[in-house]
Amino acid sequence: MEEVSPVMETPMAQPFLLERRVHQRKSTVSVLKSKLKQNVTCSGPRVRSTLTGFFPVVRWLPKYKLKEYIWGDIMSGLIVGIILVPQAIAYCLLAGVQPIYGLLTSFYANIIYFLMGTSRHVSVGIFSLMSLMVGQVVVREVFLAGFDPNEDSTPSGLVVLNDTLDTNLTDDTVLTVEVMGMQCGKECYAISVAAAVTFLAGVYQILMAVFRLGFVSVYLSGPMLDGFATGASFTILTVQAKYLLGLKIPRHQGYGTVVVTWINIFANIHKTNLCDLITSAICIAILVAGKEIQDRYKDRLKIPLPTELIVVAGATLASHFGEFNTNYHSSISGHIPTGFIPPQVPAFSLMPRVALDAIPLAVISFAFTVSLSEMFAKKNGYTVRPNQEMLAIGCCNVVPSFFHCFTTSAALAKTMVKDSTGCQTQLSSLISALVVLLVLLFFAPFFSALQKCVLACIIIVSLRGALRKFKDVPAKWRASWNDAIVWLVTMSATALISVEIGLIIGIVFSMVCIIYKTQNPKVSLLGRVSDTDLYEDLEEYKNLTPPPRIKIFRFQAPLYYANKDSFLKSLYKAVGVEPFLELTKRKKAEKKGKDMSKKQAKTNGEKNNCDVFIGLVQRELEFHTIVLDCSAIPFIDSTGMATIKGLVKEYKEIGVSTLLAGCNTLVIDILQKGQIFGNNEKNMSNYLFYTVHAAVLHANQASTAAESRSEDSTV
């Protein structure tokens, strides 16, 4: 009995439980009242703070360091403006509208972001992906309205009444559609659709900013966005390929644009315009050579080469003096008017038709803008406000939609140019807007002879960066096969089905991959590092010693309704004993023992048979305790709590203790609500431990005490 007494004192040696702080939750009504009081109160400082929050330019412009910042901002603004002009004209091919609207979009977007943006380096304007998505909506609605889907058909404007000839040009000759009380031809209807979808996209973004829904962007993973951009680049390349050959092919409507368009191109390849083909080959060679020189000697070149502007200027002069449109029937941009178009309210009658199309536009535009602003802010050592960025890009879409513009976003290439040419503030965007303004007021008509194939070349060469992502696939696979699969699935769906469906499939597939990871997480049995309190995975590390007769199980995922079966199966497999089956075996052994004892009682006596029966039922297991290492379980739900509660009960029935180690407070709170530790948590110190080592020590002490009590009872 003297040897047992120290063991009886072991509960005093158990680790103490930390005392939790008491958090008093405020009632919902009081929280709402305080927030309303905080946000609705009106005062001078409050108004000033709100205005400076909406217009960050008011904060930084008075502190502008003129001598330090001005030359970098002027240089970057001029260079980006020079790059922006040919791209603004070119991307109108993707958007399905006239070139003048691309210049207007670039001008207004730069002005508004200068006033409202929090990033110092982001360049907001026309983006190829946004132009493609807008163009798909525009071409679809133009086709459904009954217009000729061929982009080179003669545009029809307002209804013309020829009073001199007393002839009324009816719908048989000129098709018009009434929009906002005005008769619109094809080009008028196209920009009306683009402005309507842009207005809705901006409204969605502003609502997301007001309700602080910026967290939506967290569901757009990096691999998914990369795959989406690469797949969309394939679509852009396909849509522009017909211009390289001078083919008059309507843009395909519906799914499978890439496949159907290439089939149509090869079916009509005998109609190739040799003038456009030769021009395209020369322009692509010059553009690619310029890009390669820029990449190779970027450290020596202080400013980027204006290759696009040189190509546009040279091609325009060649087309004008060579009369390519007249002599070789080459498609040209056509007349680009100077000045501004009077503002007009977006067509509300068209908005129900494009309401769903505006959702992916809003999300992608916001995601690219915020990700770029945060990336360059981190690189240059300042911070941005994502919610204000969403509000800024929303206003860059809502306000310009009244001035015949289409959807904008931050553009990576132009942002990198700004960063590399000494940009310090958004004053550079104002300089870029002034460059576009000069073109709008004076130089726009000079681009009327510019061939569309030249614009297509500019667009296609700008896709080099996105298409080069294919070289990164092996590295992605080595780093994370899950991310590589997400990239491939999103890219394939975007390229082969459609841009919108590809976005949805990418988001859903990314989430499915995360769910799959939580349903099939890594599980392991742990062993002790010699002479330390550390326990690690027996399969991953050498020279570990598993504690005798104790199984330490680690589950590296949340425990919730979707993976509770996986948790139980992996635990049963790891420890080698399933309590229900073990209990069933014991019941069968008990029944068999009773039957044997009854048969032998008639001949040998009942006392001896009782010993046989007891020996059959009490089967010795390889372990007496399971320690659940919960340090890698971030949370559990009610199903997970019930799973652990049932696990503790079932193993207890076969004589195995279950201890919990390393639980965070969220897990502990859920377990307490499920009364796993008994009423008033009276058994909490016997089940819950802060470290695995503490649980192992407790298990050994409890086992020694139990064996001592068993020996005493036997004696």
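Cβ atoms here come from the backbone N, Cα and C positions, even for glycine.
Whatever TrEMBL says is automated annotation, not expert-curated.
The domain 'STAS' annotation in TrEMBL covers 540-699. The transmembrane segment annotation in TrEMBL covers 69-93, 100-116, 122-139, 188-207, 227-245, 358-377, 389-413, 433-463, 484-512.
With a threshold of 8 Å between CB atoms, the same-chain residues lying at least 6 positions outside the transmembrane segment (122-139) that come near it are 80, 84, 87-88, 91-92, 94-97, 102, 105-106, 109-110, 113, 149, 190, 193-194, 197-198, 229, 232-233, 235-236, 239, 251, 253, 257, 354, 357, 360-361, 364-365, 368-369, 372-373, 376, 392-393, 396, 406-411, 414-415, 417-418, 429, 432, 459, 462-463, 498-500. The recorded stretches the transmembrane segment (188-207) and the transmembrane segment (389-413) share 3+ CB pairs below 8 A when only pairs 6 or more apart in sequence are counted, and are therefore in contact. Under the criterion of 3 or more C-beta pairs below 8 Å, with sequence separation of 6 or more, the transmembrane segment (358-377) and the transmembrane segment (69-93) do not qualify as touching, having fewer than 3 such pairs. Counted over residue pairs 6 or more apart, the CB atoms of the transmembrane segment (100-116) and the transmembrane segment (69-93) come under 8 Å in at least three pairs, which marks the two as touching.
Note on the domain 'STAS' (540-699): mean pLDDT across this stretch is 84. Against the transmembrane segment (227-245), the recorded stretches 69-93, 433-463, 484-512 differ in Cβ pairs under 8 Å, and the greatest number is found for 484-512.
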